[in-house]
Amino acid sequence: MNDMGKALESVREREPLVQCITNFVTVNDCANIILACGGSPSMAHDKREVEESVAVSQALVCNMGAIEDTEAMILAGKEANRRGIPVVLDPVAVGGTQLRRDSAKQLLENVKFTAIRGNASEIKYLAGQETLGSGVDVSREDAVTSVSLLKTADLVKNLAISTGSVIALSGESDIISDGKETVILKNGCATMSRITGSGCMVTSMIGAFCGAMPDDGITAVCSAMAAMGIAGEKAEADRIAKGTGNATFRTDLIDAVFNMTGEGLNKGARYEIIR
Ligand SMILES: Nc1ncnc2c1ncn2[C@@H]1O[C@H](COP(=O)(O)OP(=O)(O)OP(=O)(O)O)[C@@H](O)[C@H]1O
Ligand SMILES: Cc1ncsc1CCO
Ligand SMILES: [Mg+2]
């Protein structure tokens, strides 16, 4: 993995246009977090225009939250693959319903993803494990503990090898692997799971970072996830100081990404690399 601070600086220099086909719940937050880290968002999602739209972008983000856009995601994903534009997948609630299981299968069969980011229930489902998560949040039983951390890191690494994608499993610790390097990131705070969309937002940021550095997926994904975690810690300190709740936390989280520097990212990142 290369320098995270430089990765953030390169997003700000290159201002990648990030085409997102995402859900109506968190779409505005995703657009604003892309702007906060230095990218430029486009949320066009109609199948009649996505190929044209992705052709002028530096990255594509496909988020399964609202599910109705699978056809548009495949059209856009294939076009991005043809052009060598990185594609990022957020498999929201993938194991939860037959429709989502089928959509994910179709997406993975038709599109090569640079990175896939999901919570433990979602990533474990993609790795072929039975999971208990049925909604968009991780189930208590799937959440990674200190006991299951290393075993889960193996699962993430193996999924990276079998898909050829950088896999990021988010949670109290984030586990990220490209099959060669596996990184455990320890930033963030529990309040991040008390707002909707912290996952969708970090996946959108991964899109921006991959757009700025398409040839260094592991650095792009780790840097975006560390930036999000550090921003969560800043927003949590603000929340405690002000006595506010999750609505203000969401705003403070986006502000903290906006105000983050490369140096702040390097100083704040807490991680270990397992080989
Ligand atoms: N308990 C926690 N401690 C530290 N960081 C956390 C915790 N829970 C979540 N996070 C952070 O929050 C972000 C979102 O991760 P999470 O696993 O909650 O995604 P998600 O379930 O897909 O969210 P959503 O679908 O609501 O957008 C990640 O950056 C992750 O590191
Ligand atoms: C709550 C919710 N429902 C569908 S998508 C979404 C956003 C978090 O994944
Ligand atoms: Mg999610």
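Here the Cβ of each residue, glycine as well, is placed from N, Cα and C on the backbone.
Just so you know, TrEMBL annotations never went through curation; they're auto-generated.
Neighbour density for Met43 (substrate binding site): within 10 A of its CB lie 18 other CB atoms from the protein chains shown. Annotation comment: TrEMBL describes Met43, Gly197 as substrate binding site.
Under the heading ATP binding site, TrEMBL lists Arg117, Ser170. Within the same chain, the residues at least 6 positions away from Ser170 (ATP binding site) whose Cβ sits under 8 Å from its Cβ are Arg117, Gly118, Asn119, Ala120, Gly199, Val202, Met225, listed in sequence order. According to its DSSP assignment, Ser170 (ATP binding site) is in a strand.
Arg117 (ATP binding site) is surrounded by 32 other CB atoms, counting those within 10 A of its CB over all protein chains shown.
Checking the binding-site residues Met43, Arg117, Ser170 for a CB within less than 6 Å of any atom of ligand 1 leaves Ser170, listed in sequence order. The Cβ of Gly197 (substrate binding site) lies under 8 Å from the Cβ of Val25, Thr26, Asp29, Cys30, Arg250, each of which sits 6+ residues away along the same chain. In this structure, Met43 (substrate binding site) belongs to neither helix nor strand by DSSP; it is coil.
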